[in-house]
Amino acid sequence: MSSVVVVGTQWGDEGKGKITDFLSEHAEVVARYQGGNNAGHTIVFGGVKYKLHLIPSGIFYKEKICVIGNGLVVDPKALLEELKYLHDRGVSTDNLRVSNRAHVILPYHLKQDELEEASKGDNKIGTTKKGIGPAYMDKAARIGIRMADLLDREAFKEKLERNLVEKNRLFEKMYDTEGFTVEEIFEEYFEYGQQIAQYVCDTSVVLNDALDNNHRVLFEGAQGVMLDIDHGTYPFVTSSNPIAGGVTVGTGVGPAKVTRVVGVCKAYTSRVGDGPFPTELHDEIGHQIREVGREYGTTTGRPRRVGWFDSVVVRHARRVSGLTDLSLNSIDVLTGIPTLKICVAYKYNGEVIDEVPANLNILAKCEPVYEELPGWEEDITGVKSLDELPENARKYVERVSELTGIQISMFSVGPDRNQTNIVRNVYEA
């Protein structure tokens, strides 16, 4: 039995999609365990660039089973659009499985998300307005509608009618806007369910059977540890658990069946949306990193905030996710910067802090303690091993490993699949 979890160690957008796609080649099952279509990842397969938001990266390998686990919230309309997007490009989706326990995003979730965000004024948290948060709210409140309900005409109608009483009261009383009628949603979304039905099953059984038969299973996380609802920079977080522990809850696979956890990070830091960001750069170097690294959100198109590598953040990710391996991406983006900085600690009121404070007022006032390293000018985009890196680039990578306490198992020197290099096979480690 060999199972690997891929986790983002920063605020998302670390290049997980590329790494997952790379590792998918040697997996027999690829599963997502949390989030929804708020997470975008770009994959280059067969020389063609694809943008996915919901379907696992392994979909391009038709012999591999791809799972949307019970921990996700699924917008049926968005899922069907993504299926059509793949079908139009000649990609088969017969290998997709969707959990019958996954919760469904409905039009009132989208409307609630947009209205709530607008009402917060200067206190916006930067939601993608995809209905993710409200769907998870309903799940926790035990009024959510699951895939199994969507396929049952009577159950779906009954639950929809019940929910609309509450949702319409919210829209009318709180936001002074009209709600929805059952007729506006029911037939359309029931039909969506019928189109998805061929993919729906108990995915916990699929995954556990695969593991019990010694198949390699890859669990694909979305967002990143710093966006985790428990361990991230709350409330500037997502509504689920991207940490490795989310695998057990979000797929129905026991923790003892997880063998390796690969943390993915960039050689610098980026973030979309609001919230504290200790190493953020507002100068010309920040602009250079953003443009060279093409730091714009896959889902939103928003420019990402960028900053120096923060080892405090990645150490935090190591601890709460049990990281065993590190994939260091986008090293090439730093080429040409004369002096590089790595944050080794924070300073607050004259005191040095080695961990991420839970109090965001404190985190917002933390000043990064930097260690400086010399940069490099050489083109590294064709490098295939750590030994081939220029001395300064190699020392930078080694220092990242030392400061985070995680061994480098993979590194990338460009956006393409063939620019990702293996240092250690995570399936056999």
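Cβ atoms here come from the backbone N, Cα and C positions, even for glycine.
Asp13 (Mg(2+) binding site): 26 other CB atoms within 10 A of its CB, across all protein chains. Residues or ranges marked as GTP binding site by Swiss-Prot: 12-18, 40-42, Arg304, 330-332, 412-414.
If you draw a 10 Å sphere around the CB of Gly40 (Mg(2+) binding site), it holds 19 other CB atoms from the protein chains shown. The Mg(2+) binding site annotation in Swiss-Prot covers Asp13, Gly40.
Taken from Swiss-Prot, the feature IMP binding site applies to Asp13, Glu14, Gly15, Lys16, Asn38, Ala39, Gly40, His41, Thr128, Arg142, Gln223, Thr238, Arg302, supported by sequence analysis. The DSSP secondary structure for Asp13 (Mg(2+) binding site) is coil.
Per Swiss-Prot, active site, proton acceptor is recorded for Asp13, and the stated evidence type is sequence analysis.
Summarising the annotation, Swiss-Prot assigns active site, proton donor to His41 and lists sequence analysis as the type of evidence. In the three-state DSSP assignment, the secondary structure recorded for His41 (active site, proton donor) is strand.
According to Swiss-Prot, the feature substrate binding site maps to Thr298, Thr299, Thr300, Gly301, Arg302, Pro303, Arg304. Within 10 Å of the C-beta of Gly301 (substrate binding site) there are 9 other C-beta atoms, taking all protein chains into account.
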For each of Arg302, Arg304, count the other CB atoms within 10 A of its CB; which of these binding-site residues has the top count? Arg304
Pull out the binding-site residues from the set Gly15, Arg302, Pro303, Ile331, Val413 whose C-alpha sits within 10 Å of the C-alpha of His41 (active site, proton donor). Gly15
Of the binding-site residues Lys18, Gly40, Val413, which one has its Cα closest to the Cα of Arg302 (IMP binding site)? Gly40
For Thr128 (IMP binding site), just count the other CB atoms lying within 10 A of its CB, please. 22
Residues near Gly12 (GTP binding site) by Cβ (under 8 Å) yet at least 6 apart in sequence within the same chain, in sequence order, are Ala39, Ala222, Gln223, Gly224, Met226, Leu227, Pro242, Arg271, Val272
